[in-house]
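Taken from TrEMBL, the feature domain 'Cytochrome c assembly protein' applies to B:128-337. The annotation region 'Disordered' is assigned in TrEMBL to B:69-88. Here TrEMBL flags B:13-35, B:97-119, B:131-149, B:161-180, B:192-220, B:251-270, B:282-300, B:312-333 as transmembrane segment.
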Amino acid sequence: MSSETRTNQESRGYRATPARRAFAFVRNTWRGLTSMRTALILLFLLALAAMPGAMLPQRSLNEPKVREYIAEHGWWGELLDTLGFFAVYGSVWFSAIYLLLMISLVGCLAPRSVEYVRSMRAKPVLTPRNLSRLPHHASSTVTSDADDVLATARKRFKGWRTTERDEGDGVRSISAEKGYLRETGNLLFHFAMLGLIISFAIGKMVVYEGQVIVHADGSEFCNSGIYAYDSFNPGLRVDGTELTPFCVRVNDFKPTYTELGQPIQYRADIEYSSGADLASNTWRPYQLEVNEPLRTAGDRVYLLGHGFAPVFTVTFPNGEKRTQATQWRPADQTTLLSDGATKFDPPGITDSATRRDNQLAVTGLFAPTPVFNGKILSSAGPKLTDPTVAVDIMRGDLGIDSGYGQSIFAIDQSMVEKGALERVARENLRVGESITLDDGTTISFDGVQRWVSLQVSHDPTQLWVLGFAVAMLVGLALSLLVKRRRVWIRVAPAAGAEGGGRTVIEVGGLARTDQAGYGDEFDEIAADLLNQDTRSP
Amino acid sequence: MPVDETLSRFSDWSYNTATLIYVLAMVFFAVEQAFGRAGRLRAERTAARKHELVGASAGGAVDATARTPAPISTPAGSAEPPLSPSARRSTSRAARFGRMGVSLTVLGALLHLAALVLRGLATSRVPWGNMYEYVMAVCLIAVVTWLVVLRKYPSVRHLSAFVLLPVVILLFVGGTMLYATAAPVQPALQSYWLIVHVAAAIVSSGMFLVPGVASVLYLMRDSHESNSSRFAKLAGHLPGRDLLDRLSYRTTVLAFPIYTFGVVCGAIWAEAAWGRFWGWDPKETVAFVAWVVYAAYLHARATAGWRGRPAAWINVTGFALIVFNLFFINLVTTGLHSYAGVG
């Protein structure tokens, strides 16, 4: 019976059944993935994979530049586009690397956490037999007796984790260890990093960002839907239906410049209404500045930029007047030379064909501080000293009814090429000046308004990210700056005839991390422990 | 906030003088590096012997084990084989050059500091509002870091020339190509985060210069040890690999949390200024990449098979990225961090 069982067991041995092979494969993959070597390689891959995002234009930052790059580089540009090099941080390969890295991290942290809990309960290790072989060592013989020496040592090791052992023959020792915070910090850092990455990923789902231009003349903007924005970037799970309701009214915009036209401060004077204030129509004032966003209802409103909207009044031959102030866009951010197109529909014409022949556009340049090179207008600085426009008056079909959307900053050039839109005048105008067209229509430049561009941002996860980032910092500082170190003290009655009543003290020390500089601390401890009534032998 | 032209001019003078003094100090250190070899070798031998002696005699009072290699100027111990008088004379003369080099470096650093402070007073803001000022401050931190290292490891004094070389190059590039007249900063930079975020970036970048240089020297020394014909002239004068490695590690370990703090502050500021805390702006991206590389360095140094040479390469890569992030990203690519004030 027993022999049978034995043979049975022997024959059972290790056989590579498919299930076992599969298990071995999974286990080896897991071990490989969670090894430090793999983690290091993945770190390098992550660094390498992130670089193209700094070197190549990115869709999320500058879409026109991406298109320009692809157009310039032909097949190479298209290849890069197919491989996701213009949206690196959302690409499959980038995501693959950081997902693998996260798995590797979890695989590394799980056993370490278990080990950590175990080591937190463990007692400091036994005192080594031969303390003089340690990197730090000192000894002396004193007259005080062993109990006193140990009592002093206990006092000295306050804050250390210690154990005392009786090694027999009157020999006693204390092992003390300190610096457990190093491992605590290390784990804290890595777990906080995991938390940060997860919060960041959740954030990418629920964020939205919208930009809008608002005239600084008491105009209002309400965060009621995507249509209210000029551009809107939703997160993966945002459909634009449940935006936080609030409204902003821009009353004024005041830039301050140095004598040379360098900007010192931008400030928009706004009022806002959110939450319960909306129902009661209460508006609260706020000074919106760069670096000082308005934070309300969990969202933020930023002052991104500003510009001018020249005011033109068209007096039609029948005496009707139309006044418009359309925002023009700054072409030069330092001098604020702007360009744009202000478009007018003739009033009182019901026949759409006739109306389309008589649409007007005032298009050209605007300079807050003009300088002329001959008749060419340019701007000397951003200050509004003598606003001047250099405009072309276009008449004909603007193409607004064509069904295609068009930029509010420009006229549709294809209409000009088709001959549907003609230039009927070109003039430089100062405020108060006007142009009269051949049919008696006059166009006057009445003044200028300012506009601001605002951005609304929504990201409920960012406080989580901040919290985890702070935890990471704390963990990092602890894990890099705290030293894990051990000290042992052993006391023994002095041997020999003259040894009576005297005690031999030996102290040894070991820094468990490769951080040097433990020596000074050890010397101090050793001095405190040894120099109690020392009699040098 | 008017700019005080006089103070600004004094700042420029201090800057130029400091640069010249660094160049002079570099020459002095180079003399020590070239001719001080015998003395240093002896110092190393002394240290090694002392260590052995200490290990053997376990009965003495508290012994300060040879934690730091003995300074170069240690008088020859009695057990030393006597050096020829001429060799001793040339060694001590070289050491004197080294000491004068340190004094000059301290003087240079004081003038350097004066240049920075005067800039700040002239513009009534923190003196790191454009690339010229940034480079000036980074170099100051690098020099100060090196002086602190010298206090801890006096035996590496003769390497000072290798640290001052990149500093002088950076100062020269800063003073000629990046120079910007003293002026207030644009509204986007008017935030107390300018003080915190940029200061953290400056301190960590300046500190990273030292391990970067030490790692390059490590690689030279390592290459020399595996094949003595490589860097034959230079590497023989370098300290041992473990000292260079320890120096790199200890400085990196201090600089890395500061760098991380700087990146976190940058994210907080970006949230207030640009509407998001992280947007993969080129500067942010390269800062992230450099962070990952330094993290890899710390891991490599704790992983078997990655210590030593690979770790040194990683550290050099990290510093190269810091420099790349400063010059290439600011001057060549366009991003939100375009505050160079150049051109």
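Quick reminder: no glycine exception, Cβ is built from N, Cα and C everywhere.
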In terms of Cβ proximity under 8 Å, which residues at least six beyond the ends of the transmembrane segment (B:192-220) contact it?
125-126, 128-129, 134, 137-142, 144-146, 149, 159, 162-163, 166-167, 185, 230-231, 234-235, 238, 241, 244-245, 247-249, 251-252, 254-256, 258-259, 261-262, 265-266, 268-269, 272-273, 294, 308-309, 312-313, 315-316, 318-320, 322, 326
Tell me if the transmembrane segment (B:13-35) touches the transmembrane segment (B:161-180). I count contact as 3 or more CB pairs below 8 A, with pairs 6 or more residues apart.
yes
Given the transmembrane segment (B:13-35), its same-chain partners at Cβ distance under 8 Å and 6+ residues beyond its ends are 90-91, 93-95, 97-98, 100-102, 104-105, 107-109, 111-112, 114-115, 118, 136, 143, 157-161, 164-165, 167-168, 171-172, 175, 237
Near the transmembrane segment (B:282-300), which residues from the same chain, at least 6 beyond its ends, have a CB less than 8 A from one of its CBs?
208, 252-253, 256, 259-260, 263, 266, 270, 306-307, 310-311, 314-315, 317-318, 321-322, 324-325, 329-330, 333, 335-337
Would you report the average pLDDT that the model assigns to the domain 'Cytochrome c assembly protein' (B:128-337)?
90
